[in-house]
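According to TrEMBL, the protein has these features:
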- 18-219: domain 'Cytochrome b561' (DOMAIN)
- 12-36: transmembrane segment (TRANSMEM)
- 56-74: transmembrane segment (TRANSMEM)
- 86-107: transmembrane segment (TRANSMEM)
- 119-146: transmembrane segment (TRANSMEM)
- 158-178: transmembrane segment (TRANSMEM)
- 198-218: transmembrane segment (TRANSMEM)
Amino acid sequence: MESRASPRPGGLSYCVAFSQLLGLTVVAVTGAWLGLYRGGIAWESALQFNVHPLCMVIGLVFLQGDALLVYRVFRNEAKRTTKILHGLLHGFAFIIALVGLVAVFAYHRKKGYADLYSLHSWCGILAFVLYVVQWLVGFSFFLFPGASFSLRSRYRPLHIFFGASIFLLSVGTALLGLKEALLFKLGTKYSTFEPEGVLANVLGLLLAGFALVVLYILTRTEWKRPPQAEEQALSMDFKTLTEGDSPSSQ
């Protein structure tokens, strides 16, 4: 029996489009802030530090948020194709974030600055480590052949919970880093509505807005990806084996 494509729920397309507009604006405003007030970005100069915020915003905020939305956007495509896209987006986010981490540690080493003393840095390392662990475990369970359907079913709620939690931690860490950068450079001038401070505050609101829209899309139950025919069959078999139900009793 062929499965029929489910219609896209009303409002989902608009919310996804709005999330992408916010996400791209976050990346653009981050670039504008670094270009207008921090001298731009470069690898072999004092501007190496600026690679860090740009990479982290692109990787652990924008791309990670998009990876979480894959199962809402691609509702009727083959499950394996959607899984691969989900994993690839997370993989690209990891690589870009890793470049950002290397940049800041290399910059600190050149300048003789201390590492990992601030709340921002502690939250950042925690978010990155959790992100890597989440990606590796998710790959092992959902993409690498061998994991049983029952094991995947039991782990899936934890995977979803940690995915959303790491995303929110990443956004919160970005906000901490933004505030830290402003206080280091502006000091008491921050309270005088310096143009850089105003632009950075706008960037902070955009970051929070992107996180809230992504979280809203993820928590709408009626917007979840509908199970395909083969998934429903596997789910029924799993329920039969674990609870003793028969398919005919459903």
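For all residues, glycine too, the Cβ spot is worked out from N, Cα and C.
With respect to Cβ pairs under 8 Å, the transmembrane segment (12-36) is most closely packed against 198-218, considering the stretches 56-74, 86-107, 158-178, 198-218. As a quick check, the transmembrane segment (86-107) and the transmembrane segment (158-178) miss the bar of 3 or more Cβ pairs under 8 A, pairs 6 or more apart, so the two do not touch. Nonlocal intrachain contacts for the transmembrane segment (198-218), taken as residues 6+ away from its ends with a CB within less than 8 angstroms of a stretch CB, comprise 12, 15-16, 18-19, 22-23, 25-26, 29-30, 32-33, 36-37, 57, 61-62, 65, 68-69, 72, 164, 167-168, 171, 174-175, 178-179, 181-182.
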